[in-house]
Amino acid sequence: MDNCVNSFEDQKDDLVHKKKSQNFGYVCGSINLGTNVIAQSPTKPLNFFHSSRWSPDGSTILSLTEDQCLNCWNVPFSDLSKKADGPLNFSKHLSYKYQSPETVYSYSWYSRMKLDDPSSNLFAVSSRDQPIKLINFTTGKNKASYHMIDHQERYQGSHCLQFTNDGEYLIAGDKNCLHHFNIRTGCKEPVMTTVTHGYKVPLWEFSLKGIQSCFSLNPMDSKTLAVGTYSNRVGIYNDCGRRPCQLEFSIERGNGVTHLQWCEDGEKLYVGSRCSDKIEVWDIRYVRDMVYALEGHRGDTNQRILFDTDKKDEILAGGTDGSIRRWRNKDLVEETHVTGNYDLTVNTVQANPINMQIKCVCYGNRIYKYEKDESEEEDESKEKDLWTGTVSALQVWMD
């Protein structure tokens, strides 16, 4: 554990250990992954956070790191509120660590998870060329495995997972189809597969083409599922993904949909995509055109950036410049830099599902510098790609 979580002592002042904005709030808890060694690529063992998600009961954070580990952190809220001399380092509250054998594509909390019910302490994880696994982080055991098999009889990973609100099914996205696995029976094969594109979809139905990249269930109708694809298309399905597709549209910017978020009233859908500086807003009651775009997102990256709603008609999102921004309707009303002196991508901003005044913020990357190789002849000198360490943190903010 000491090797996994190293305090970045010489950069504490840069890593936001005090109030940075009276509007957004302040850091009350933090886990820093950081080192200050110097090494030459391509060997890159240094660790940093990729993303994080609150559990449905708001008690635990599940985070993904560069070493392909999923870590469950039980957030000590009572200790956070008592800490007055800076944010509490809650790295000792690691309750479970799962090491994936391959690159993690996606993960999702069990929708009925409650910390005081050990049988419900589950999350699903999908990795490259591996079955989808259902893990109980209390017992540390693999409760079940679910198989997505391609035409060559090989396991496939899913880029998006979503439990239905009743906890009965796990939905997994695939290319031109999505699969439903029954959690209660534990059957390894999908009990239903919905084809979204191809000859099995009649010409009079909407067709959703591409590798499915993200899901989002409507908060006002738990059976309405929004599906995004890496082909820049979004589809709306009733009954948790059954055909026919009710609506389908193409986003105007970006290089593949990476995140979908419904507004509180379930009428507008926020769409984030790769390599796009704008978050698009669509009204599903009238999808002929995009309603408006949230300008200044700073999302020009292939990295998946997870954003969230905050209060009515407000959205919080990180960017590649190390800042978190708040929009009210389509107006940018607040901007807070959270990564110190470094322009790092803030990959996750998520409100606690029980108390929206508490936010989870996640960022991290390697820090690079370039030096000339003096051993080469002067006319053939080359620049060495060196990384000097990592700057990364998983933080809990309070308004």
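Using the three backbone atoms N, Cα and C, a Cβ is placed for every residue, glycine included.
Sequence annotations record features per position, and here Swiss-Prot assigns repeat 'WD 1' to 44-83. Sequence annotations record features per position, and here Swiss-Prot assigns repeat 'WD 2' to 105-145. Annotation source Swiss-Prot lists repeat 'WD 3' at 150-194. Taken from Swiss-Prot, the feature repeat 'WD 4' applies to 207-247. The repeat 'WD 5' annotation in Swiss-Prot covers 252-292. Residues or ranges marked as repeat 'WD 6' in Swiss-Prot: 296-337.
Mean predicted confidence for the repeat 'WD 6' (296-337): the pLDDT average there is 93.
For the repeat 'WD 2' (105-145), the DSSP counts in helix, strand and coil order read 3 helix, 21 strand, 17 coil. Broken down with DSSP, the repeat 'WD 5' (252-292) shows 0 helix, 18 strand, 23 coil.
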